[in-house]
There are 2 protein chains.
Amino acid sequence: METIKNVLVGQSGGPTAVINASLAGVYETARAMGAEHVYGMRYGIQGLLQEQIVDLNECLSDKMDIELLKRTPASYLGSCRFRLPNPDVDEEPYKQLFHLFEKYEIGAVFYIGGNDSMDTIARLAAYGAKVKSSIRFIGVPKTIDNDLMFTDHTPGYGSAAKYIAATIKGIICDSSVYNLNSVTVVEIMGRHTGWLAGAASLAAGADCNGPDMILLPERAFDEKAFLAKVSQLEKERHTLVIAVSEGVKNKDGEFLCDLVSGPGAVDAFGHKAALSGTARYLADLIKAHLGCKTRAVELSVLQRCASPLASRTDVTEAYQVGGAAVEAAFRGETGKMCTIYRVSDIPYRTETGLTDVSRVANKEKCVPDEWISEDGMHVTPEFARYARPLIQAELHPFYVDGVPRHLHL
Amino acid sequence: METIKNVLVGQSGGPTAVINASLAGVYETARAMGAEHVYGMRYGIQGLLQEQIVDLNECLSDKMDIELLKRTPASYLGSCRFRLPNPDVDEEPYKQLFHLFEKYEIGAVFYIGGNDSMDTIARLAAYGAKVKSSIRFIGVPKTIDNDLMFTDHTPGYGSAAKYIAATIKGIICDSSVYNLNSVTVVEIMGRHTGWLAGAASLAAGADCNGPDMILLPERAFDEKAFLAKVSQLEKERHTLVIAVSEGVKNKDGEFLCDLVSGPGAVDAFGHKAALSGTARYLADLIKAHLGCKTRAVELSVLQRCASPLASRTDVTEAYQVGGAAVEAAFRGETGKMCTIYRVSDIPYRTETGLTDVSRVANKEKCVPDEWISEDGMHVTPEFARYARPLIQAELHPFYVDGVPRHLHL
């Protein structure tokens, strides 16, 4: 096993509040273990193919930079949504990349991302083995969607969940100030899985009942049952707040967000109207059938980039998986993804582990059936038992001039 | 001048992050000055007419309750949007209210709200004078819109501005992760004035350029000039973020949000499509004319109820105007609104003052012309000099089980 001189790290896929904490974990651990240079890919593997490389030794020399980096949302290095081709069909990008690895004397490559990014690591590791390279390739999990297999959860999810829970709690306050009946439908990210929508349940506590209903993409939308439940709850409660995953589909497999506009609806400029969302669809549906005052709120991009509501547990674990990935590479591992293993719920304790990256790539973990309530319109207490520890504690930004200070390249 | 035995306080209009800090200021000051009971109106004057009254002595006996109250968004007592009639036309509600004041031995009434609420105080004070009542009526300013006259600013604005600035900063991070051109249009509250949209400029600092354009309702929207500027900026910059006030109108006085859907657009249920907003309109406009990738984000209700981003300056001042209102009533003042007077910008210092509530009622303060940039599509540094002090410092929620703990009746 050859020693590692320099390492290379990239970020890929959508932003999270803690992806940069993983970068800090990779950087600090690699330096501590003796790497001379830690290089960063600008805009992931796509930027790397254009040799967009930065020397992180120059950017992160002060411990203050590391603290700022941990508190900076989105992707410090920039990101991409780019998949490597099958090398049997097109070997060119692999040749290019391995040439760059040689040029920069790279002994290990780390890629922080979701299941698409794990596909990149799997392909690079397989190609490396084929060409008998000694370079190690390790994946670092990241996604607010929490849909990666073989890990208890993914860094990024806890902070998104904390943002969603706190925001739903604020919306419940906001919606109950008037002595009027109303229904507020809040749209939450999650095209295929309901992990994020389910996190709305964490708003509940001694001072808040939490959302009245939660719809997840794991269950097909049943209009009749839905309207019956809204109608029944409306009789009991002053105001309703319904959390809905953007990816909810009806029994025919159509996304509700695709049904919002009437047939042939156009925008002000005569083009096909943009989809205005699942929450809008449900708010319109309730209004049309039950006649009550409705409101649609879309949490939008805020749920993935809200550093003021980062979970300290999440930041810490994001850092740890970054560090553990480096340790694994220095031990000689390759083609692996770092995982989080939950030792116990109470007290909450985790360890890092490793799994074959090819087992993770391109797969999706759904919310278990038994964590969804029988009528399919809420989550069970088991969901909260799982998710509650992930939103514990805070890591506040450094506020400068009234706003969070970030670190940028 | 008669002594004051009990006092009554109500909250009115839309939620803010700090309206309950004003309530805490009224409560604690009134008790400290010798009031036996501090009663609260449930759902403002509308609930009061149904004798929905709570004894706050019973709800706020522990100092911990006061601290939680200061950190609870929306309206602890509940709110209403209700205007008292002209007493010459309909005296009945006045008789009812003054009968209740007598029944509960009320010596002073405080109403925390915006310009509609100041109308209520003005009418009650005028009626009180007419019937020779010794009860004092004092208004406590509150509105995220910052549109009240004769006060440097309104409590509630600073926290909304801090939320907007921090969120725009996060959105700028989020929108710049990919190496792609894109335009993100962010819709901010403010139907008639641009104080909130202007606060987007506070995202700017050493680590952020802030939004590229800001559109305020104080200026009519000029499509040609707008598209020309977007087109020009797009050539210079990777990604654009545009902040827009929901209340922007075109030269014909039509709200842009009214123009979103094509003529006769209906929702999925055949009803007239809901307005999907000013940001959506502009995103569609840019896409139609310039062909680039656009995204519309609506900050929605979050900007007025985000306790995690409350400004400590705002919380403190909200508490102070509540207390100053009580002091004024005990001095014998009536028919007044408490104001904030800025002593200096650097260091930022304020004092509380008083103004005739009838001068404030039903009027609106716009962003001064000289604080809007010449092309009408940004704000000048004077705007930030004014607004920056209002977002300084934080008052973090008490996090319990990972989410902010609130106080509820």
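Each residue, glycine too, has its Cβ placed from N, Cα and C.
TrEMBL labels come from automatic prediction, so no person has curated them.
Per TrEMBL, the feature domain 'Phosphofructokinase' maps to A:7-328.
In the three-state DSSP scheme, A:GLY14 (diphosphate binding site) falls into the coil class. Marked as diphosphate binding site by TrEMBL: A:GLY14.
Its Cβ placed at the centre, A:ASN115 (Mg(2+) binding site) has 23 other Cβ atoms within 10 Å. Among the features that TrEMBL reports, Mg(2+) binding site is placed at A:ASN115.
Cβ environment of A:ASP116 (site 'Important for catalytic activity and substrate specificity'): A:SER12, A:GLY13, A:ARG81, A:ARG83, A:ALA361, A:ASN362 lie under 8 Å away, each six or more residues apart in the same chain. Summarising the annotation, TrEMBL assigns site 'Important for catalytic activity and substrate specificity' to A:ASP116.
For A:LYS142, the entry in TrEMBL reads site 'Important for catalytic activity'. Less than 8 angstroms from the CB of A:LYS142 (site 'Important for catalytic activity') sit A:GLN11, A:GLY13, A:THR16, A:VAL18, A:ILE19, A:SER22, A:ILE112, A:GLY113, A:GLY114, A:SER117, A:THR154, A:PRO155, A:GLY156, A:ALA318, each of them six or more residues away in the same chain.
Shown in sequence order, A:ASP145, A:LEU196, A:ALA197, A:LEU216, A:PRO217, A:SER245, A:GLU246, A:GLY247 are the residues of the chain, 6+ apart in sequence, with a C-beta less than 8 angstroms from the C-beta of A:GLY190 (substrate binding site). A coil conformation is recorded for A:GLY190 (substrate binding site) in the three-state DSSP classification, outside any helix or strand. The substrate binding site annotation in TrEMBL covers A:THR143, A:ILE144, A:ASP145, A:MET189, A:GLY190, A:ARG191, A:GLU246.
Marked as active site, proton acceptor by TrEMBL: A:ASP145. There are 26 other Cβ atoms within 10 Å of the Cβ belonging to A:ASP145 (substrate binding site).
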Extent of the substrate binding site in Å [max Cα distance among A:THR143, A:ILE144, A:ASP145, A:MET189, A:GLY190, A:ARG191, A:GLU246]: 16
C-alpha spacing of A:ILE144 (substrate binding site) relative to A:GLY14 (diphosphate binding site), in angstrom: 8
Which of A:GLY14, A:ILE144, A:MET189, A:ARG191, A:GLU246, all binding-site residues, has a Cβ with the fewest other Cβ atoms inside 10 Å: A:ARG191
Check: same-chain CB within 8 A of substrate site center, minus A:THR143, A:ILE144, A:ASP145, A:MET189, A:GLY190, A:ARG191, A:GLU246: A:ASP147, A:HIS192, A:THR193, A:TRP195, A:LEU196, A:SER245, A:GLY247
Inter-residue Cα distance where the pair is A:THR143 (substrate binding site) and A:ASN115 (Mg(2+) binding site), in Å: 9
